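*Asks:* Positions annotated as domain 'RRM' by TrEMBL: 237-310. Marked as region 'Disordered' by TrEMBL: 202-230.
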Amino acid sequence: QARKTLLVPTPRLRTGLFNRIVPPAGATKEILRICATSQGVKEYSVPVGLDGKARVDLVVVGSVAVSEKGWRIGKGEGYADMEYAMMVSMGAVQEDTPVITIVHDCQVLDIAEELLGDHDLTVDYILTPSRTIKTNCKRPKPQGIIWNKASYLCSEMLKKIPILKNLRCREQQTGKDVALQDEHSELVNASTPAALTERMMAEKTRPEAARNSAQRGQRGVESDSLSPRLEGSGTITTVYVGNIPPSLRVRELKCALREFHAAPLRVNWQGAQHRAFLDYKDKATAESAVSSLKGLSLGGNTLQVELAKNQRNKGQVEINSQK
């Protein structure tokens, strides 16, 4: 009604970055009200991509909790942080572009600054039903996507969000380090003298048949610990994951497990057999993971997820994965 231009992120960024609401000529107040709803986005909007000439004068973000200093906690998926970082990359926002959040009074809490990362978005104003808070936040906002520090980013997310993959390719062409957090840590770990020595020793001690199989590109059993707490953690309960597509990489499965809050103590990857076994600290945790992962689809396949019928043979050969 105030003739402002409204830009909204596309749902989960699946089809682009923004949709710009374009009300029809002579729109009534009722139609303008619809324009500000999800139905209005479908009926009265046009997409805006990375090459769009959008200029954003005010950013509104949702929050789970926020402090009067401007520290913000979202749902944990990282979409608000990623959307802001992408707006920076396309020149849509500047350092002085105000960021506000609208919450209930009970959501304004003390938040420790140590909980914030370099990629986390802060807010300049907090609006509640009873007051308006100017945070005077001095912490710098993200100046683009920090690929190797944003824990929510993974190769699976790149597949789901084409515009994110496009931005990564662009920044890679300019010489920027665009390795994801898991890729970066794996590269560093695999490059250390200790890791190289371990790989050489493993290669020497493996049976000839296993080495020949690996040379033919067949993937054997891989074991990867996601937590140092496996040893001495009590009774381990194992979850079976089947119907894994041949193209899926173990790091993509690990990323999905983290995204669904089902990260195990250890992943025993058997890619050649299209399956994996996940070790959890107890039966309750394993059953919770099964419930969270039911119906999960990766690489076009719906995974088969259930408690393993029998505990695996603890004496089987395990090869530490160096991916």
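Placement of Cβ uses the backbone N, Cα and C atoms for every residue, glycine included.
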*Asks:* Taking helix as H, G and I and strand as E and B in DSSP, count the residues of the domain 'RRM' (237-310) in helix, strand and coil.
*Replies:* 24 helix, 25 strand, 25 coil
*Asks:* Over the span of the domain 'RRM' (237-310), how high is the average pLDDT in this prediction?
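*Replies:* PLDDT averaged over the stretch: 87.
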